[in-house]
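Features of the protein shown, as given by TrEMBL:
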DOMAIN    100-303  domain 'ABC transmembrane type-1'
REGION    1-27  region 'Disordered'
TRANSMEM  50-71  transmembrane segment
TRANSMEM  104-125  transmembrane segment
TRANSMEM  137-159  transmembrane segment
TRANSMEM  179-200  transmembrane segment
TRANSMEM  239-262  transmembrane segment
TRANSMEM  282-303  transmembrane segment
């Protein structure tokens with residue numbers, strides 16, 4: 001009888017225990033219900049509110065680090081004795097006008113030579129494989145990490161009074177060739193940090209070219225120069241515009257190299273520094289800064305419209 005009672009109680013106790021599958025199912029149902037409740041709370045949030053919450057960090061950063069400083073800079077430029085006419089002094093004052101022209105011409109020359117050298121070098125490096133190519137391409141990134149002061153120091157070591165070029169010309173001709181402290185030294189320094197950036201951009205653009213178009217042009221009897229002129233260069237035009245705009249804007253605002261070389265020619269960044277630190281002319285330095293920013297912004301905006309919005313990628 002005891003055994004029978006145990007047999008009768010055993011199924012009764014086993015029936016009180018939930019099956020493992022049923023237990024997991026119950027837990028999963030509870031979790032699903034809780035998740036639905038959480039999602040239901042946010043489902044009532046309007047779509048526009050969600051978008052504004054996502055844009056809030058961008059708006060805060062843009063306002064704090066761009067809009068407010070630029071607004072303050074514009075206001076400071078009009079606080080001088082001339083008021084808003086201080087902005088016109090950039091074009092009417094002989095010294096400021098000459099500095100602006102020199103800066104624009106130097107940046108333009110840097111951009112043209114950079115595009116010419118970088119196009120040839122970039123196309124060669126992208127389409128040819130040779131020992132040491134990977135090392136050479138990696139070395140092109142070094143100048144991108146150097147500040148302007150280091151670039152200026154390298155130019156002094158190359159073409160300064162105790163530089164390599166001076167020693168070689170002194171041994172060969174009995175006279176040192178020193179140009180590190182002239183506009184030519186500044187031009188060489190600008191090329192040093194502009195060419196690698198443009199080369200990398202051109203290499204990326206050449207990699208995306210359709211080789212079949214070039215082969216089709218050759219099959220139709222086009223000469224190698226005609227293929228480059230009519231097929232390759234037009235296809236690379238957006239990359240030229242984008243990288244050229246970046247090179248121009250960088251040359252316009254480069255300060256460290258000009259400061260290190262202390263050239264006899266004035267450029268806008270050095271003039272802004274002089275007016276701000278030596279003359280304590282805050283209004284003029286602010287007006288010059290706004291003028292420099294407007295020129296660089298206009299060039300980048302034009303390049304972006306012509307290149308189909310790829311200027312940012314060139315940097």
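Cβ atoms here come from the backbone N, Cα and C positions, even for glycine.
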Do any residues of this chain, six or more beyond the ends of the transmembrane segment (179-200), have a C-beta under 8 angstroms from a C-beta of it, and if so which?
102, 106-107, 109-111, 113-115, 117-118, 121-122, 125, 140-144, 146, 148, 151-152, 154-156, 158-161, 163, 243-244, 246-247, 250-251, 254, 257-258, 261-265, 267, 314-315
Long-range environment of the transmembrane segment (282-303) - Cβ separation under 8 angstroms, sequence gap at least 6:
70, 73-74, 76-82, 86-87, 89-90, 96, 100, 103-104, 241-242, 244-246, 248-249, 252-253, 268-269, 271-273, 275-276, 311
